[in-house]
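Asks: Taken from Swiss-Prot, the feature ATP binding site covers 127-182, and the record attributes it to sequence analysis. Per Swiss-Prot, the feature Mg(2+) 1 binding site maps to Asp251, Glu268; the stated evidence is sequence analysis. Residues or ranges marked as Mg(2+) 2 binding site in Swiss-Prot (evidence: sequence analysis): Glu268, Asn270. Swiss-Prot lists 101-301 with the feature domain 'ATP-grasp', giving sequence analysis as the kind of evidence.
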Amino acid sequence: MSKHVAVLMGGWSSEREISLRSGNACAEALEGEGYRVTRVNVGPDIATVLTELRPDAALNALHGPAGEDGTIQGLLEILKIPYTHSGVLASALAMHKERAKTVMRAAGVSVPEGRVVNRHDAAKSHPLTPPYVVKPIAEGSSMGVIIVRDERSHPPQILASDEWVYGEEVLAETYVAGRELTCAVLGDRALGVTEIKPVSGEWYDFDAKYAGGGSIHVLPADLKLNIYQRVQELALTAHQALGCRGVSRADLRYDDTPGGTGALVVLEVNTQPGMTQTSLVPEIAAHAGQSFGELVRWMVEDASLNR
């Protein structure tokens, strides 16, 4: 009898629609691989749903708070349902950008300088010397990210308004100029490096990530061999330092601008990267010779407890 897999998707975070795309793509691929699949649109009754469903494994296609911060992982541990991706601790650590940086820095991974500040204080005066970036402590998909270019710019006033829905504390980081890179990690190996070039704008914001034609993916990234290998080393080290399991994706910046610093830094590790057939991790896996179906099958067969 084929293995029964519950594909968890949706949820109630700001990344719900992205999660639905990932989940449906994974479910379709798993069905093509011969698994018995139940699509689960996650809501507040998820504990009851999973208790009644009793799948052999859960493929976690959730994004954002409650889906990749250790919450759903803890529930799956309680229910004794093997699941994909990272466990409770690694998920919670990686989701909290500042604590993740502390762990990565201790492991020798270069990260941007920065500090946590109250959002109202950051709206009154510059928390760092511009250029700098302000971002929510625990959001994905570039939600709420603001770049302040120079000292003549006013601090971002939206931080003090009711429109800001990402919590009272924000992370202010030194802006690193240069190229946007990302590296997929699968288990104990780095699969490859992609350079992301936004078609409009200067950085990889939400629209560049998810709008059709919003960015160009250069795979493999056109880098000197030593830099390419260093990106892979940093991604794998960050994955291991945070205790990640299964699939993760490290996002980096490389400053090779004229007169630049040459800095190569890890911005964050995504423990629940996008999983449509055109998402970054599946693209990198395909370039490494692994089809989308083979990728999701590997993830399900890797599912376990105590991750």
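In case you wondered, yes, glycine gets a Cβ from its N, Cα and C as well.
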Asks: Take the C-alpha atoms of Glu268 (Mg(2+) 1 binding site) and Val176 (ATP binding site) and report the distance between them in angstrom, rounded.
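Replies: So the Cα of Val176 (ATP binding site) lies 13 Å away from that of Glu268 (Mg(2+) 1 binding site).
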Asks: In DSSP terms, helix, strand or coil for Asp162 (ATP binding site)?
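Replies: The three-state answer is coil.
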Asks: Out of Asp162, Glu169, Asp251, Glu268, which of these binding-site residues shows the lowest number of other CB atoms within 10 Å of its CB?
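Replies: Taking Asp162, Glu169, Asp251, Glu268 as the binding-site residues, the minimal 10 Å Cβ count falls on Asp162.
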Asks: Listed binding-site residues are Pro127, Val134, Val148, Val176; which of them have CA atoms within 10 A of the CA of Asn270 (Mg(2+) 2 binding site)?
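Replies: Hits: none.
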Asks: Which residues, sitting 6 or more apart from Val148 (ATP binding site) on the same chain, put a CB under 8 Å from its CB?
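Replies: In sequence order, His126, Pro130, Pro131, Tyr132, Val133, Val134, Pro155, Pro156, Tyr175 meet the Cβ cut-off.
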Asks: Measuring Cα to Cα, tell me the gap between Asp251 (Mg(2+) 1 binding site) and Val176 (ATP binding site) in whole angstrom.
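Replies: Approximately 12 Å lies between the Cα of Asp251 (Mg(2+) 1 binding site) and that of Val176 (ATP binding site).
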Asks: Quick one: mean pLDDT on the domain 'ATP-grasp' (101-301)?
Replies: 91
Asks: Same chain only, sequence gap of 6 or more: which residues have a CB within under 8 Å of the CB of Val176 (ATP binding site)?
Replies: Pro112, Arg253, Asp255, Ala263, Val265, Leu267
Asks: Drop a 10 Å sphere on every Cβ of the binding-site residues Pro127, Pro155 and tell me which sphere holds the fewest other Cβ atoms.
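Replies: Candidates: the binding-site residues Pro127, Pro155. Fewest Cβ atoms within 10 Å: Pro155.
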Asks: What is the Cβ neighbour count of Val134 (ATP binding site) at a 10 Å cut-off, with all protein chains included?
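Replies: Neighbour count, Cβ to Cβ under the 10 Å cut-off: 25.
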